[in-house]
2 protein chains.
Amino acid sequence: MPLGEFELIQRYFAQVAEASSDASVVLGVGDDCAILTPPASRQLVVSIDTLVEGTHFLPDTPADLLASRLLGAALSDLAAMGAQPAWLTLALSLPTANAEWLKRFSERLAELCLEFKIALVGGDTTRGPLTLTAQVHGFVPEGAALVRSGAQVDDLICVSGTLGDSRAGLEAQLKGVEQPGFAPYLSERFFAPSPRIALGLSLREFAHSCIDISDGLLSDLAHILKASGGLGARLQLEALPLSGAILKSYGQDQARQWALTGGEDFELCFTIPAEKLANLAHLPVPIAVIGKVTQAPDICLFDRGIPCEISGSGYDHFLKQSPVE
Amino acid sequence: MPLGEFELIQRYFAQVAEASSDASVVLGVGDDCAILTPPASRQLVVSIDTLVEGTHFLPDTPADLLASRLLGAALSDLAAMGAQPAWLTLALSLPTANAEWLKRFSERLAELCLEFKIALVGGDTTRGPLTLTAQVHGFVPEGAALVRSGAQVDDLICVSGTLGDSRAGLEAQLKGVEQPGFAPYLSERFFAPSPRIALGLSLREFAHSCIDISDGLLSDLAHILKASGGLGARLQLEALPLSGAILKSYGQDQARQWALTGGEDFELCFTIPAEKLANLAHLPVPIAVIGKVTQAPDICLFDRGIPCEISGSGYDHFLKQSPVE
């Protein structure tokens, strides 16, 4: 028997909402709007993100992986602002009300809400081609948000974690796995990104600018440089942080290519004055210094001091076909 | 030449964002998140709504009508809470980056943002089946929001405007127009609902409960009665406010049926103590008293005092096929 929309929401999402709720949620799921109490003297930061079947993921992707992919990408935007997560709303278009799908999705969602201390406060479910939209809401002290526009000449350019893994994970899905031993790790990096919330909070005090790597390092770094008044950068390719998995499965050339242009790593790229770098030494997440901000407005690549070029650029939905299709 | 995603956002939505922005928008479109300053001592109310081609509207619906339909429905949720609109985010999945479509959509969007004093502060555009999601954000003084759960026995049940027109407007699209003279009005009610923001603000002081009519009067009234502890209602069918257009095009029986079950009128249904009703007399929007809240937990229908029944109930996406398909 088909489930009614209301029963469906009640059964699968009311529990998530209740489990993740806190005192700031005056009224959650179940009225025309949620009623929320913003903390005093804080700025609200919000971001909305959509995943579409066929554009961002393959048909029949398990629902729990979609939950972690959706929330990971959305929370990564809060991380890039140095924001503390607070509230989540979801808009789900589903071809059918499939109980098994909803169970897997909502259970993983609940785990992530608790892990990242974000409360599900509202949503909309509609019938349609599989499309998942999440809006995340977070808070920063007044004037403390990390933005793209603060980079300065001679800032060090840093990235967290390793780059290119997400693109490699996608490749493994599309074309099969060359090195079976490593695929699970790379696939996990694609489906379950690690939003760098704690790092973002720490960077508020030290970094001049920050962005999360969603379009690809070169493309996202270009956003910082453009927003900061038309600056440039020198990047050392040998400093790009690459995982053992990507190197072993795809080799250094391909790994570097994907590290620069692959996108959807959801690591942070930030610029910081050299003298502040030591303040990040205590953080559990690895930080790599990959270059320096320059006055000259181009991004120049060097391999052990020798200038080089690389083909391809960041990922742009409307410019070219998505690799998923 | 296909447009790039960034250029597309820049060209069509940056202008809307700029035109609609106010001092509360510290940073709008163009970073990982928007940065917003909530007003002091206010509660934030949020709602997210999705329209899907084939489920909520027919293919080839003009983009300006989709803008007014999307924003009208979303703002109506703020109206139902008695909230003052503040900020808007959009997630658009588009099959192609069609410049003419984007122009029409964004121009109508800009008009509506200015009319309802809501600022476009962020969004996401992706490639996919046409799916439009809007999240609206508004504010109420602490504890002042209208909710569903406050109805009391003997409250009068009131609705704004006229009911059933939106469903009639959909019918005219699906099956052709019987009375050509009236179809534009009914279609306009479907595509360009009038969110009752000013009424919602006025009701905060007087109404016990409120909801916007999105699923159909019977279904939405049932939400109020259930949320208010399992109350019931007596409704006078002869008091249902019906437009001349719907009566002339479809006759009284069909008009009443759609007024009770049609949905998507985006009028407000609220309950109010009889002695407070006079306070609403000065409002420009027509208010009809259609019944009374009862202790007995059923909704009983009367036609000039004689009990009667009506078939059909509110609209529920997953329970039955949408009339659009």
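Positions of Cβ are set from backbone N, Cα and C atoms, glycine also.
For reference, TrEMBL has these:
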- A:30-140: domain 'PurM-like N-terminal' (DOMAIN)
- A:ASP32, A:ASP77, A:ASP212: Mg(2+) 3 binding site (BINDING)
- A:ASP32, A:SER47, A:ASP77: Mg(2+) 4 binding site (BINDING)
- A:ASP49, A:ASP77: Mg(2+) 2 binding site (BINDING)
- A:ASP49, A:ASP124: Mg(2+) 1 binding site (BINDING)
- A:HIS56, A:GLU264, A:TYR315: substrate binding site (BINDING)
- A:GLY123, A:ASP124, A:ARG148, A:SER214: ATP binding site (BINDING)
- A:ASP215: Mg(2+) 5 binding site (BINDING)
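Around the Cβ of A:GLY123 (ATP binding site), 23 further Cβ atoms fall within 10 Å across all displayed protein chains.
Taken residue by residue, the domain 'PurM-like N-terminal' (A:30-140) breaks down under DSSP into 36 helix, 47 strand, 28 coil.
Filtering the binding-site residues A:ASP212, A:ASP215, A:GLU264 for a Cβ under 8 angstroms from any Cβ of chain B leaves A:ASP212, in order along the sequence. There are 27 other CB atoms within 10 A of the CB of A:ASP32 (Mg(2+) 3 binding site), with all protein chains counted. In the three-state DSSP reading, A:ARG148 (ATP binding site) counts as helix.
Here is what falls inside 10 Å of the CA of A:SER47 (Mg(2+) 4 binding site) among the binding-site residues A:ASP32, A:ASP77, A:GLY123, A:ASP124, A:ARG148, A:SER214: A:ASP77. With A:GLY123, A:ASP124, A:ARG148, A:SER214 listed as the residues that bind ATP, the site has a largest C-alpha separation of 32 Å.
Shown are the binding-site residues A:ASP212, A:ASP215; the one with the most C-beta atoms within 10 angstroms of its own C-beta is A:ASP212. A:ASP77 (Mg(2+) 3 binding site) is surrounded by 28 other CB atoms, counting those within 10 A of its CB over all protein chains shown. Here is what falls inside 10 Å of the CA of A:SER214 (ATP binding site) among the binding-site residues A:ASP32, A:ASP49, A:ASP77: A:ASP77. Using a 10 angstroms CA-CA radius around A:ASP49 (Mg(2+) 2 binding site), the binding-site residues that qualify from A:ASP32, A:ASP77, A:GLY123, A:ASP212, A:ASP215, A:GLU264 are A:ASP77.
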